[in-house]
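Just below is one structure, and these are the notes that go with it.
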């Protein structure tokens, strides 16, 4: 690692400090974060086992839910082990290339989750607005294509942000990252060079992926609500609306946390840094924690299957 005019040329190692301003209590913050991670792992794993073992759940809505569970497990695993290493074992160093890889994984799986939420909204749209064609449209072949398409879309669109950091930014003001994981803007802001291209690329990717998804999810639900409210019977309206409640909760939780974190990080100049970092951490940890709980509570088939699993264990 060489220094030139007070800058550091291509540092091999970066230092993640965790949550700036809260270093003295990071050990205690790690405890609820670890508990959230364990519950998220258990809840999503249980969800995957139930969907795999119960043939009646091999339907598009539940298969999308299984994809969401896998994404949540990977997403939370991308950040939590290293974060706990910083909080509990004072292991803040990370290789520069490993940091870029973590960044790519995090932003890729965030985008995959957004794509799956869009697919789930379209599934509900067809199921409610055109129920007779639902089975013929959402075939297992289409589900596979959606899964592959969502993954490739995220991986390929996020990659340029990583490549630009690797190829354009050579000189850095510091190697100390004021964050608990390798977030795109947290790394870009370390550079001593012009970062406008990197900022533009990050905004373009965010609005292309998340902006596109949220627009089409919103349009789908506007159409769903119009169809539901036009149903003649109150019971039919309640039944149709009830099939969407869990997805609406997950959708709001993911995007509200995401946009609040995104805009405070870029435009909340008067907000203390530890608020930015806590929001970023919660954005990645809360959805994996809540998604299986929301679907477990609101979906009767899953709720009954979970009750059966624990009842059989108690009986034995």
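Cβ coordinates are placed from backbone N, Cα and C, and glycine is handled just like the others.
TrEMBL lists transmembrane segment for one of the ranges 177-202, 203-228, namely 203-228. The transmembrane segment (101-122) and the transmembrane segment (203-228) are in contact, since at least 3 Cβ pairs between them lie under 8 Å (pairs 6 or more apart in sequence). When Cβ-Cβ distances below 8 Å are used as the criterion, the transmembrane segment (142-165) is approached by residues 60, 63-64, 67, 100, 103-104, 107-112, 115-116, 119, 184, 187-188, 197-198, 201-202, 205, 208-209 of the same chain, each at least six residues removed from its ends.
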